[in-house]
Amino acid sequence: MRPARALIDLDALRHNYLLARERHGGRALAVVKANAYGHGAVRCALELADVADGYAVACLEEALELRAAGIRLPILLLEGVFEAAELADVERENLWMVVHHAEQARMIEQASPARPYTVWLKVNSGMNRAGFRPEEVVAAWNRLQGTGKVGEIALMTHFARADEPDVPGTAEQIATFDMATATLPGPRSVANSAGVLHWRAARRDWARPGILLYGADPLPGEPGGLRPVMTLESRIMAVREIAPGAPLGYGARFQAERPTRVGLVAMGYADGYPRTAPDGTPVSVDGRPTRLIGRVSMDMLTVDLTDLPAAGIGSRVELWGREVGINRVAASAGTISYELLCNVKRVRLEYLGGR
């Protein structure tokens, strides 16, 4: 069997959720959209079912997958509904939904639910991606309330730059949200992962931790108290030595400067490892640090074993996890941990710990 796999530490997932809720206070929706950022939405949601206050997903399809697995806790649709026909599923499965534009409000007006919908009204506080402008919020709230078809209306916004603590934009967004919603009742939700960890002013009734659940702090540096959930690993499948000046891999990007011992690893960009990773990207072999050399190909990559004489065929290679922080790999590859995790595919997921 091909040795590429992603080990998912369910105890770490639980630890991170509880840490997020403790830091924030109040309640927390565990964000398990995009297959729980590549970790397996159903298995992760089931692991948290006895401690979570609810979940957040992107769309109806993701919510229905959780309901089919027997998960009965609240589930929020972060993108809301895309067409009126979805409202029947929202009602039947007792889902919560974000309303972030007027067409969604119109769908609710024209619906005939047997029981009121639970709605989260989204405020565009400055990200300018989705949500009602500050001057539209009260009218949108009144419109929804006036339908007689909604129950509680929660109020939410989303940050554009909460992972940049020295930028004033987040404080400005918080102030804008507070001003726009000052006269309205209902619970508030402001904090994403960066908000939970680094913005006390963002702590309200509900948090929405996402990337932090999986052990990656959205700010640079080492994660404060978080535990990595995914370890992406494989094994050395072949070893060769190349002479000084010899090229390695596609495009001959790497040129050996000394006699170099090369380990061939069963892992490539088809598995989710970034093709953009340059020479020198950190990896670990049998628990010892070394580096990527040569361009990542579809199914394989190569690492430097020159200073690891004991390593050979069968040696364990960690691409990210406890030994190699995922933020270090992301920085080397010019991307973010979110993308790395969400791109993991083809490798088998193996779950450790948990209930």
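Backbone N, Cα and C atoms are what each Cβ position is placed from, and that goes for glycine too.
Cβ environment of Lys33 (active site, proton acceptor): Ala41, Ala56, Val57, Ala58, Cys59, Glu62, Leu78, Gly210 lie under 8 Å away, each six or more residues apart in the same chain. Taken from TrEMBL, the feature active site, proton acceptor covers Lys33 (among others).
Taken from TrEMBL, the feature active site, proton acceptor covers Tyr250 (among others). Its own atom aside, the Cβ of Tyr250 (active site, proton acceptor) has 12 Cβ atoms within 10 angstroms in the protein chains shown.
The Cβ neighbour count for Arg129 (substrate binding site), using a 10 Å radius and every protein chain shown, is 10. Secondary structure at Arg129 (substrate binding site), taken from DSSP and collapsed to helix, strand or coil, is coil. The annotation substrate binding site is assigned in TrEMBL to Arg129, Met298.
In the predicted model, the domain 'Alanine racemase C-terminal' (229-352) shows an average pLDDT of 98. Positions annotated as domain 'Alanine racemase C-terminal' by TrEMBL: 229-352.
Annotated N6-(pyridoxal phosphate)lysine per TrEMBL: Lys33, in sequence order.
The two recorded residues Met298 (substrate binding site) and Tyr250 (active site, proton acceptor) have their Cα atoms spaced 11 Å from each other. You'll find the Cα of Arg129 (substrate binding site) roughly 39 Å from the Cα of Tyr250 (active site, proton acceptor). Every protein chain shown contributes to the tally, and the Cβ of Met298 (substrate binding site) ends up with 11 other Cβ atoms within 10 Å.
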